[in-house]
Amino acid sequence: MNNFTFFTEFILLGLSADCHIQTLLFVLFLGIYLLTLLGNLVMILVIIGDSHLHIPMYFFLGHLSFLDICFSSVTMPQMLQNFLSQKKSISVWGCITQSFFFLLSGCAEASLLSAMAYDRYAAVCHPLLYTMVMNRPLCMVMVSAAWVMGFLFSLINNLFIHKLHFCGSNIISHFCCELPSLFPLSCTDPTANKFLLSGSSAFLGLLTLPLILFSYSRIISAILNLRSSEGQAKAFSTCSSHLTVVLLFYGTALFRYISPTSGSVLERVISIQYSVITSLLNPLIYSLKNQEVKAALQRMLRQ
């Protein structure tokens, strides 16, 4: 180890090395970030300000909007800064800190989506008992559990990254500091870290996905048993927004963290999908397909 030269910062290559393309990307992602902040803040304000939305479904949705703001804010400011700077650097400690909050936000969101699936199951399959099943204490416990799982998942993986020593190349072929992109830069063996990350990601998937699959299998069965086509359409509309978000987020995030790292352009595109695009689309998906949110927004604008 004495023959290695250790460095104190990483260079993030980002999405392109062309200056003109970087300027266009800055404008594009600045617009995406501002729309993400605006859309999710409006959702939070509407949910807090309208008493008609003070039910479990919108309690979870408000926390999802807050998580989306956190998730996008972990990476987007640094990405925007790098688009305009010549030296696209971040300190080693800054990089590890970013990866910590990135994992925390992502894992908490995955857990929260699982809780929201159970909420939709209770609403569709047990409508008469919904307010009793999804009471305030249970909702608080489920949201708190999502944050705790995110914290523990991130803490475990980032504690062990401190055992790695980074030397040689300090260039990250990515726009942010995700742990899979750091492992190839280590001059100590990162095999244990890779297994830990893949294993903990698989464990998180095994904890959350079965609840989602169970909830939606029961929901689909309940919808098909409804005699009224109007009732079927209403029930499907209630759940389709959440199912869309689950497919967008889980499909890409699990693929990224369970599969081996290659440093390809595809990995960066996948990361943009679950860390940037999903946070932008969530408020649009839930507001455009939800009549109650539209009505609450209209009431807020008339005041």
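Quick reminder: no glycine exception, Cβ is built from N, Cα and C everywhere.
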When TrEMBL is consulted, the range among 175-193, 270-288 described as transmembrane segment turns out to be 270-288
- Task: Might you confirm whether the transmembrane segment (55-76) is in contact with the transmembrane segment (270-288), defined here as three or more C-beta pairs under 8 A between residues 6 or more apart in sequence?
- Result: yes
